[in-house]
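So that you can see what the record holds, here are the features copied from TrEMBL:
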- C:20-39: transmembrane segment (TRANSMEM)
- C:45-63: transmembrane segment (TRANSMEM)
- C:70-91: transmembrane segment (TRANSMEM)
- C:111-135: transmembrane segment (TRANSMEM)
- C:142-160: transmembrane segment (TRANSMEM)
- C:211-233: transmembrane segment (TRANSMEM)
- C:270-290: transmembrane segment (TRANSMEM)
- C:302-327: transmembrane segment (TRANSMEM)
- C:379-404: region 'Disordered' (REGION)
- C:393-404: compositional bias 'Basic and acidic residues' (COMPBIAS)
Amino acid sequence: LSTTDDDGDGSDGSDGSDGSDGDDGGDGMDGDDGSDGGDSTEAFQIGMVDSQTGSLSAFGERNQRGVDLALSRVNEVGIDGRELDIVVEDSESENQGGIAAAQKLVNQDGVPFLIGAVGSGVSLAIYESVVEGTDVVQLSQNSTGLNLTEFPGLLRMSPSGRSQSLALSNIIADDGYDEVAVTYVNNDYGQSLTDAFVDAYDGEVVYNTPHDQDQQSYSGVISEMNGSGADAWLFVTYQAEFATMVNEVFSSGYDAQFYGADSVSGDNVLENTPEGSIDGMNIVVPSAPVEEENYQSFASDFEAEYDRQPTSWAAYAYDCVINAALAIQAADEFAGAALQDTVRRVSGPEGETVTSFAAASEILADGGGPDDVDYQGVSGPIDFNEDGDPVGFLQVLEVQDHEYEGIDFVEG
Amino acid sequence: MGAMSEGALAKQDPVLAVDDLQKSFGGLAATDHATFGVERGTITGLIGPNGAGKSTLFNLISGFYEPDGGTVEVNGTDVTGMEPYEVAEHGLIRTFQTPRKLEGMTVREAMLVGPREQPGESFHRLFTSPGTVAESESANLAEAERILAEFEIDHLATQPATDISGGQMKLVELARAMLAEPEVLLLDEPVAGVNPTLAKKLKSQIRRLNEQGTTFLLIEHDMEFVMDLADPIVVLDQGHVLTEGTPEGVRNDDRVIDAYLGGGA
Amino acid sequence: MSALTDPRGAVEELTRPEGWVLGVSVAFLLFLFVALLTGALGPTYFLFLVGLAGMYALLSFGLNSQWGFAGLINFSVAAFFGVGAYGAALFTASGSPLAELFEGVPLIPSLLGLPVVGLVVGLAVAFVLAILIGIPTLRLRADYLAIASLGLAEVVRLIVLNERWLTNGSAGVRGIPGFFAGWPVLGTFPEAMPGLRLEVIPGSPVLLETAFWRASLNVLLVLAFAGGVYFVLRRAHRSPWGRVLRTIRSDEDLARALGKDTYSFKMQSFVLGSLVMALAGVFYTHLNLYVGPGDLDPITTFYAWVAVILGGSGSNRGALFGGIVIVTIREGTRFLNDVALPIDPAPLRLLLIGVVIIAVMRYRPQGVLPPQRELIWPSAVDGGGAPESPDSGVRERKGGGGDE
Amino acid sequence: MSHDTTRPAGATDGADPVLSLSGVDSGYGEVQVLDDCSVRLDPGEIVCLVGPNGAGKSTVLKTAFGMLTPWTGTVSYHGRDIGGMAPEEIVREGIGYVPQTDNVFGSLTIDENLRMGGVARDSGLEAVIETLYDRFPIIEEKRSAKAKTLSGGQRQVLAFARALVMEPDVLLIDEPSAGLAPNTADDVFEDVEEVNDMETAILMVEQNVTKGLGISDRGYVLDQGTVRFEGTPEELLNDEEVSQLYLGG
Amino acid sequence: MTVIGYLANGLVFSSIIVLGSIGLSLVYSIADFANFAHGDTMTIGAYTALVTFGVVGGLGGAVLGLPYGFFLALVVGIAAAAVVAVVTERVIYEPLDVDSIGLLITSIGIAFVYRALIQIRFGSDFTRFDIQPLRPIESLVPYGVRVTLHDVAIVASAAVLVVGLHVLLQYTDLGRKMRAMADNPDLARVSGIRTRRVKLWTWVIGAGLAGAGGVFLGLFNQLSPRMGFNLLLVIFAAVILGGIGSVYGAMAGGFLIGMINQLTPFFSDVVEALPIWPGWLASLLESLVSIEYANAIAFVIMVAVLLVRPNGIAGEGAT
Ligand SMILES: Nc1ncnc2c1ncn2[C@@H]1O[C@H](COP(=O)(O)OP(=O)(O)OP(=O)(O)O)[C@@H](O)[C@H]1O
Ligand SMILES: Nc1ncnc2c1ncn2[C@@H]1O[C@H](COP(=O)(O)OP(=O)(O)OP(=O)(O)O)[C@@H](O)[C@H]1O
Ligand SMILES: [Mg+2]
Ligand SMILES: [Mg+2]
């Protein structure tokens, strides 16, 4: 630690907060920010790389709702009397944009804790090019791509897609289908989930083709799926693409048993597909047990605020913020190295089970250490494993009367 | 047609020989079995009514159009169907009837495109032998300045090449082609729109270059100009050669008077 | 900026837009300098931005030598950029599928991992691609070339995305070393440098540590690339070679009539530009240490175009300037975003970028830095007994009727 | 030479000019071309502008026609100031203009070119066009050909015809005979005279000075943007200096 | 699906592309630049119709499975797109003193602004018209044709608009004036054409058709702020393929590109069925002629067509 410094001012913004920052190189920065913690009532500033524009901007929007809700929960209570502030930068849903955003957050704003990003590819790009080699904490809000597992330094709130793939292959097999047609969105997420599914599935995958995002029509894909002869169709794609496909299936008059990965589910799909068009579909989503009280209250808060049901994405983003806030409160200084240590422990299995920031914060304020709390997220119990992946629960949803109904739970 | 080809073959030393050339656009035969030759060292005039096919002939000779039939020989080489730049490599350069504008260049720069085979046109030599490049560039520049002065447009040297008057454009076009120092120069109406006083001077320019060895084939409607300068004169009508002869002979040919000269001349 | 790149150009020789740009640039540099000293601007982040600006400058150099010189409307910038990036990445990355592909092949495996080899390969692939794309498209008229190249770029992107055995598909390539990895001295320079702490303004120290030194190396690299390219382009631009290209740009038929093999010239210009774009890609690979198919998205093409047009087509200095403007537009708007506004922040930056582009097009003084000066081989003008080159630009002539 | 003017000088000095430029400075961007230039066209006259290349002849026409706005001085038409009025409105006032270059719509057919010449007409378009075809058979046979396929001379004729569709009161013509075969040029000059007979005053630029001045009532010699000489054709043609410097005599 | 089935799908998709490409082509030739905001103009039309439809709702009866209110919304969408384009022309393009590439760059900026504004107002998620989707028309299913009444409505409306445009261009002077202006704007003014007015009409027509295309695109698929932009590349391909500046070329190009896009599965069936030799070539082709490469195939076909006809389908020969 070559420095001490103070500077303070952090501030939000425009001029990059606490000067110094610089160096991310590691330790230096933390020092300076630490002192920050000591002397002022300035807000703690952390960063988030989100898809505000670009092809995943719909996720960015969902995340933002979760983040806003979480921030208000945190700032109602405060962290040692200070507020939490999140600088959100846009990745444009691209590597280039994501890296530039992270560069600004880490090397300009000097945040020691970085939430980000949405797409699995972007999260990894940020990790490799900005975060690795520093002690900034990176916690991805939405990435479910399988290869994030290989980077233990990169945490994520959303569980790896592998468990989903396994669950899906079991469900499809259990339903008695020995042939399946798969289409997946042509990116890291879609590809890695599908690869895992194909590995796990015992039957024959008779059709397995990627599709590009944002196309105006997928009638080619669905007519090929129909032509493949499989009666079970698996979709690993996003809501907009899936909704398009459903409508095209509907208006083409095809018929099949649908299965889907988590990202195809959401109110948006229900609103924008004909009644009954996906009834009977099974979807595996990571989830906190919905009947749990913390999820219930999250959902009702969310509905009160935004007049819509939360998505699992909003829940992940929510948990990212709460987890970050707890890590900050539990750490003795506001610095990467310290946060690295606490970020896993505040939500890890040891300690008293709590389901809200307020409750957890109280324990910490009463002198509790990071291991004295076990925050249970609204998206699941969290409990990062050594690879930085959460231990997610999976819930199997079935569409009944054009509504999602939970029919089963699977351990991650 | 037979008789005409003999005429062409009769040339002692044709630097350009057009044999039975044909080109039609849709139903229109713009060039209709045209045959003639240009003797080395002459200034050959090419006249004919508007729409006779003179410019089309130039386009065929210089490789801009692909003929439907017939051949073009330059310096004894069959250049039929070659690309314009290949024809130019054989020593034939042409100007355009409607002057071409070069955007974003000064008049002087626009002139410097003229010289052929500049060492500086080879990318790698810019780096391997910059000295040679500079040398030839200086020489070309001096030559360009000289011609501009002769054409009385040296004061325009650093003007944007697009911001000059219509007549000035014709002059630049002509001057540039001369810089290329071809063996055969095809001029398409070099003095249309040029002030008569200046046209007179151009006449002597052309004559001088001709004495230095350049062969000219020129299209021109200014009778005073062609008749003074050119011998022989080829008359084109409706795509084929109507007659060929001395200025005197052509001027008095009834068919030519009828089709072209009219009562006015 | 212009004073740096054109040492002969004394200040009084500048045209009005040049003076304007120079003034703004100096003011901007001063501003940056103060910001750095006071710690308001993180030095590492600043160097990252410099690297990015250098990358965009390279891209616009490349595009400029196609569009600005020869009038070729190339909408496949991203493809060449991506090919350069992928070429370098696949040859150097630890996780590259090439290692498997070339297993057992003599020699090649031992070359994998060397950034210099990656550089050469990136350029070589771009060279081949340029010729492949050039052969069919360079015969087309300008607008058609534009869309044909855009289409072919999409084909390249889809191949990179779908041919996993070669490119890793959508997972991208990771595990890329820095460009100087393995070099003597430079290879370990960032780690070897001690952390420095400068305190110019009391209370706002500036810290320079490993990441800073790593970023400095990147800047060094991009300066070397851009400097070399600038030297080559400047010479080419003022040469007879460049003049033929400009003739083609304005009137291809005229060039043909004067005996220039225009197809060959266009191909040379296209290949040259493509190589420069690929060079930008190589740099990008070692700057970001990760490449994915998203890096071939057409948006890169658009930004390169914006840079070239803002700087003034055909002007190398302008291209450099354009590169800086792009970074300011893309990254500078992040700061504007911090200003709290009562609107949904998400699309605000998009809006800002749009407004900035429109505003610059509206209020720029004549393409900021158009190629005003006559382009004649410099020593020819000095030594050839010809009059001095004019002191006002081609587009900027002022004054009364007489032109003397 | 065959058209030696026999007509009495078209107008008395007292009559109001139909079109006049007085004391006009004008130019392109910041480049000044015309310098205190005054040119007058009286009713029923043919006036010819001659001068070296780049003298500013075309610029005079462009300024008169609103393509350029006079920097100082006035352009008046029947006593009304029209300086700076847009060309498309000036057409409607009754002035027609044939540019020196780029004077046909290459991608439109001959027929369409003529129709475009008459967009500002309310009625009688078909009839005028038919008369024009009668007058210029050289373009009639190409009615439905694209104008860009015309030869240089054919194009010139089309440009002239296009301007006549409006049956203008004043016609500005920039080098009508450039590129025309001698017999066609004669035809055009005859047509110019014929048009003039129908009460149209004509201001034309011409490098074929003998023929141009031959059909004119008055002429101006322009050099470096100012009028150097003015007079009847005879005066100009017989002036030793003018003839030497400008008319190639 | 049968070939006819694919062709039917292609026809529906083509109709939308054609509407977009006509407008782009018009603006391309009159205003003389490639308008990258054209796609986002479609988006504007779609969202305006969405709002309008939300307000007026069904309005009683329905034709072709579409309530009357939808057609009202369509008209409003067309009008809104036209108005926005005209305002943009007046406020931004007209005062601009740049060449055509400069205008192109500006239009990218404008595209960003349009899209950002829509995203600010409507969010970035997708949505649909509140109209119950239909099942395929039963009587056609046996022929392998799976289209709905909505599809029929799209094709029919597009046809009406295209025919209307044809009449407008053919039987009024406007079309000719537009071409004259595109050819030589100075001469057009000299001839008395009020070029500013013609230009505005061009924007009205071009953007109006784009607006219609956007509304249909929303009906065909869904609305999202990126919908138009995502289609832009394809529309450009159509315009270029048809021959820049030719309205009829743009129609032909749009038709072809739409067809090719939808016919990829058929092409890959064909490739699989063909006895290609040697085997590696067959497998190479099979892997390339597949749905992942659908867009690539369209572009390669486009480039191939351009090689044969360098000025597009409706373009003339060289020089
Ligand atoms: N590209 C073309 N397409 C169709 N017709 C053409 C083309 N080029 C020329 N023509 C026609 O061919 C004929 C000959 O044209 P050309 O330009 O050769 O005449 P010219 O003798 O040069 O006449 P001028 O003296 O008027 O320039 C004309 O009738 C012209 O309309
Ligand atoms: N678009 C332009 N921009 C700038 N300067 C121009 C432009 N057009 C012409 N000039 C300049 O204005 C002067 C007068 O040009 P103008 O066209 O009026 O000459 P002119 O008398 O018609 O000559 P010519 O007989 O050659 O047609 C010339 O010196 C020319 O260089
Ligand atoms: Mg001709
Ligand atoms: Mg003139």
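From the backbone N, Cα and C atoms, a Cβ is placed for every residue, glycine too.
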Is the number of Cβ-Cβ pairs under 8 Å between the transmembrane segment (C:211-233) and the transmembrane segment (C:142-160) three or more, considering only pairs separated by 6 or more positions? no
State, in range form, which of C:111-135, C:142-160, C:302-327 has the highest count of Cβ pairs under 8 Å to the transmembrane segment (C:45-63). C:302-327
Determine which residues of the chain contact the transmembrane segment (C:142-160) at the Cβ level, with the cut-off under 8 Å and only residues 6 or more beyond its ends counted. 71-79, 82-83, 86, 129, 133, 136, 167, 293, 296-298, 301
What residues elsewhere in the chain lie close to the transmembrane segment (C:111-135), defined as a C-beta under 8 angstroms and at least 6 residues from its ends? 76, 79-80, 83-92, 94, 96, 98-99, 102, 149, 152, 156, 177-182, 266-267, 270-271, 274-275, 277-279, 281-282, 285-286
Would you mind listing the long-range same-chain contacts of the transmembrane segment (C:70-91), meaning Cβ under 8 Å and 6+ residues beyond its ends? 59, 62-63, 97-98, 111-115, 117-119, 121-126, 129-130, 133, 138, 142-143, 145-147, 149-150, 152-153, 156-157, 160, 166-167, 173, 176, 245-246, 248-250, 265-266, 269-270, 273-274, 277-282, 284-286, 291, 293, 295-301, 304-305
Would you kindly list the residues that approach the transmembrane segment (C:270-290) from elsewhere in its chain, counting only those six or more residues past its ends and only Cβ-Cβ distances under 8 Å? 48, 51-52, 54-56, 58-59, 61-66, 70, 72, 74, 77, 80-89, 92, 115, 118-119, 122-123, 125-127, 129-131, 133-134, 138, 172-174, 176-179, 218, 221-222, 225, 229, 233, 236, 304
